[in-house]
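Worksheet for the structure shown next.
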């Protein structure tokens, strides 16, 4: 059907000339599915901006979506698509360029079809990520001194509503990404900031929504040790902090050639297969565009902590996509 072209075009909508083409899906939906179960995508707005990332938030005033897709063009003009879980109401777009204007298009999906669409223009911040990343080397010693906020805050807000950040740990590692989890046993935070240095030693800062308890850090280098610092913020004040270290996997996901055959035979039965058997079944394609594929699967018995989707790109390079253990679908952009 005519869905594929918009996956490339919507990011062209920065010119505002092609915007009307993508929303063709809205009329289409209103004739087919809207009468039975109308889903409405509300206001798309900016929650945070750094030189290399943008945080976006939206609401769903009516109905629900199976998933979302965020589309935009990078600084080189290449189309990008970011798959988002249907339960999410916020996303952080990483890997952007400083002082660059982006047009983001958020699509609400139902059964593989785009049925609603909203857009927003955002410019990334200038210069380097704000000063705080420099303490990412030794946050325990420097952060309190450079951020007078931490000493001040305990006297002002913490007695009123204490917030505690604990237990930052890595849950899945690939050659190019690390998934981190944490807990907030007491209170709440408005937002989080994850700080680390990349393989070239440059400070990076990743803004995270205050309701999140996990994040996948993309764009890392294989076989490299990273130290991650997670800050809990109230407003712009850092009021708690935890750190962890993680080493990315070596770049040889050769099992990607035959993951289904080798792993169940060797690993599952010997380690976890006997005490609690978990079954993975029925991997199938639900939608295809020129630049993405959406996959679905089922877990008829047991459960998994997480999933990893492996494949080779058009250049033959192995790729690995970490997926949350509760997911049953993913869009490969």
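Note that Cβ sites are derived from N, Cα and C of the backbone, with glycine treated the same way.
Whatever TrEMBL says is automated annotation, not expert-curated.
Here the structure is a predicted model, which means the values were calculated and not measured.
TrEMBL has this to say about the protein:
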type	residues	note
COMPBIAS	9-19	compositional bias 'Polar residues'
COMPBIAS	137-147	compositional bias 'Low complexity'
DOMAIN	40-129	domain 'Fibronectin type-III'
DOMAIN	164-253	domain 'Fibronectin type-III'
DOMAIN	279-333	domain 'Fibronectin type-III'
REGION	1-35	region 'Disordered'
REGION	124-154	region 'Disordered'
REGION	240-277	region 'Disordered'
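Sorting the domain 'Fibronectin type-III' (164-253) by DSSP state (H, G, I as helix; E, B as strand; all else coil) yields 0 helix, 58 strand, 32 coil. For the domain 'Fibronectin type-III' (279-333), the number of residues in each DSSP class (helix H, G, I; strand E, B; coil) is 0 helix, 39 strand, 16 coil. For the domain 'Fibronectin type-III' (279-333), the model's pLDDT averages out at 83. For the domain 'Fibronectin type-III' (40-129), DSSP puts the residue distribution at 0 helix, 52 strand, 38 coil.
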